[in-house]
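One structure is given below, encoded as structure tokens.
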């Protein structure tokens with residue numbers, strides 16, 4: 001029976017940049033990126049020998065450059081979810097606006113969804129172009145204290161597909177960390193694509209030395225979403241990323257006509273709250289489905305500022321408050337945070 | 001200004017399996033997989049020279065094996081969408097059940113969402129294990145005429161993350177096409193992950209010689225979804241994949257209390273219908289948001305059989321009818337197709 005069993009087939013690819021090996025590494029493999037790669041005794045007869053022997057050796061020379069660039073960034077937060085369409089980008093944009101509503105905080109928003117960048121649209125900055133200076137690529141500033149970077153700013157035509165295999169995506173993510181002049185930031189929020197593949201491995205690897213505060217994991221209530229989220233939690237565990245907490249998005253829907261609540265994505269197995277308890281991770285709250293959130297995203301507006309009275313706004317602000325507490329930067333006055 | 005401009009940075013990766021090049025290919029590059037790779041005059045001084053020189057040469061020897069395996073498959077249909085969470089897997093499962101409700105048709109369902117396989121859960125076959133025989137890996141049969149294949153059947157533990165970079169995912173997709181004993185099929189439905197990256201390039205490339213009937217593209221009505229779908233349409237155009245049509249999923253929501261309709265994902269820019277007109281592709285219909293679809297998926301049941309009276313069922317059956325017509329296999333009696 002073909003099965004993905006440990007240790008070879010199912011091992012984490014992390015730390016191994018070789019994506020073109022012809023066969024699993026042999027038992028006494030010296031490491032595909034070590035100085036001995038392709039030359040050690042164990043390499044004799046290995047189908048990968050030529051590939052390893054000709055590959056660049058030693059640690060990635062770009063890592064110290066990334067570390068240097070990230071020195072001025074106090075808190076790095078990944079927004080993750082195994083599944084697509086649960087609201088990662090929406091929530092990343094809400095976090096960006098939320099953190100930046102405190103004018104004493106400098107915020108960066110980095111979009112590493114290379115094939116499906118939605119943040120420029122959601123932040124109302126579509127069509128902007130990146131400028132460079134001696135200190136690197138300048139982020140696109142949505143407001144004085146909120147800068148962002150996305151492949152969406154680099155497309156000659158917004159409808160062009162970005163048809164890239166993993167290695168090319170990894171290269172651009174590295175540039176976003178190494179070449180962008182982020183300056184001194186209180187928060188860098190990283191919006192990721194669905195899955196547990198190249199983008200996730202690379203950003204984790206590139207930021208390892210600088211340190212990531214943790215991940216905010218987004219889900220919707222139905223079991224097919226939780227299924228993928230469990231895999232993402234396993235990824236975090238294996239990659240040593242702390243879970244700041246789980247957010248359940250699109251929870252209930254209140255009919256604008258009759259005020260009756262419907263569960264569009266029914267929590268057949270208990271939803272996000274039960275999952276958080278099962279995995280013993282903080283549950284940051286349920287954000288009800290408010291169609292105006294999607295509309296705000298389509299128009300590039302800040303939902304929490306446009307609709308301060310929505311129950312969704314209350315839930316979102318509560319999540320932001322908990323995240324700030326979790327990273328050791330609690331809000332000074334909770335009630336005033338939108339008025340500053 | 002850093003920008004992805006043709007021809008080098010923005011070119012399609014298709015046909016180029018080298019995922020580890022250190023630099024863009026030089027102007028007179030003989031092709032990274034050609035016999036001359038790493039040896040031609042243009043290769044002198046190119047940072048990729050060593051990598052290319054040591055790589056395997058010539059056409060992929062597995063392609064004829066795939067072509068042979070696919071000889072018995074009449075219609076190959078890709079289910080695509082730039083964005084995650086719009087219902088690709090849900091719709092793939094509906095197509096599988098829909099095609100197979102005609103007992104004269106043999107149907108296969110192939111899940112190439114390697115990091116987030118949801119089809120086993122949706123088809124009620126979670127926990128099954130793949131068996132092999134002399135003729136290859138046996139698909140998991142959901143019913144007599146509906147077989148499926150997914151990485152979900154290969155996991156020692158359902159919650160394990162599949163932390164694979166692109167090249168490894170490509171290898172498994174190739175095995176799904178080359179090693180699975182699909183037998184003679186009328187339909188092979190391929191469920192894809194979000195994006196335009198490794199999985200999409202690989203399946204297109206592997207099936208090129210066998211021929212793909214076309215792609216069914218799924219979207220939801222809001223602009224941030226259409227944004228990614230436009231990129232997917234560009235991918236299809238560049239890869240030479242015919243668009244069978246566009247389906248708008250999760251269109252309106254009818255409140256079960258007051259029967260009032262709400263637009264959960266508001267079509268701020270005209271939704272799927274306007275997009276189909278803009279791109280001059282067939283619009284196959286709008287499927288209203290019925291929370292029972294998600295519940296059926298969570299329970300591994302066929303929604304159209306469980307809820308024949310739902311307006312969503314009517315819309316789904318109409319989409320299936322149009323797809324069968326588009327591939328030249330029209331239903332004999334539209335009204336009887338669920339009763340056979």
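We count from 1, first residue shown onward.
Heads up, the Cβ atoms here are built off N, Cα and C, so glycines get one too.
Positions annotated as region 'Disordered' by Swiss-Prot: A:1-41.
Summarising the annotation, Swiss-Prot assigns compositional bias 'Basic and acidic residues' to A:11-30.
Swiss-Prot lists A:29, A:43, A:46, A:52 with the feature [4Fe-4S] cluster 1 binding site, giving sequence analysis as the kind of evidence. Taken residue by residue with DSSP, residue A:43 ([4Fe-4S] cluster 1 binding site) is part of a helix. Around the Cβ of residue A:43 ([4Fe-4S] cluster 1 binding site), the number of neighbouring Cβ atoms within 10 Å comes to 21.
Annotated ATP binding site per Swiss-Prot: A:82, A:83, A:84, A:85, A:86, A:87, A:88, A:89, in sequence order. Spatially close to residue A:83 (ATP binding site) yet at least six residues away along the chain are A:194, A:219, A:220, A:224, A:225, A:227, A:228, A:229, judged by Cβ distances under 8 angstroms.
Among the features that Swiss-Prot reports, [4Fe-4S] cluster 2 binding site is placed at A:255, A:258, with the record citing sequence analysis. There are 13 other Cβ atoms within 10 Å of the Cβ belonging to residue A:258 ([4Fe-4S] cluster 2 binding site).
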Return the binding-site residues from the list A:52, A:85, A:255, A:258 for which some CB of chain B is under 8 Å from the residue's own CB; sequence order; 'none' if the set is empty.
A:85, A:255, A:258
When DSSP states are folded down to helix, strand and coil, where does residue A:29 ([4Fe-4S] cluster 1 binding site) land?
coil
Have a look at the binding-site residues A:29, A:43, A:52, A:258 and say which one has the shortest Cα distance to residue A:85 (ATP binding site).
A:258
How long is the line from the C-alpha of residue A:88 (ATP binding site) to the C-alpha of residue A:29 ([4Fe-4S] cluster 1 binding site), rounded to the nearest angstrom?
38
Cα separation, residue A:43 ([4Fe-4S] cluster 1 binding site) to residue A:84 (ATP binding site) (Å, whole number):
40
Distance between residue A:258 ([4Fe-4S] cluster 2 binding site) and residue A:87 (ATP binding site) at the Cα atoms, whole Å?
26
Using only C-alpha positions, which one of A:29, A:43, A:46, A:86, A:89 is spatially nearest residue A:255 ([4Fe-4S] cluster 2 binding site)? These are the binding-site residues in the record.
A:86
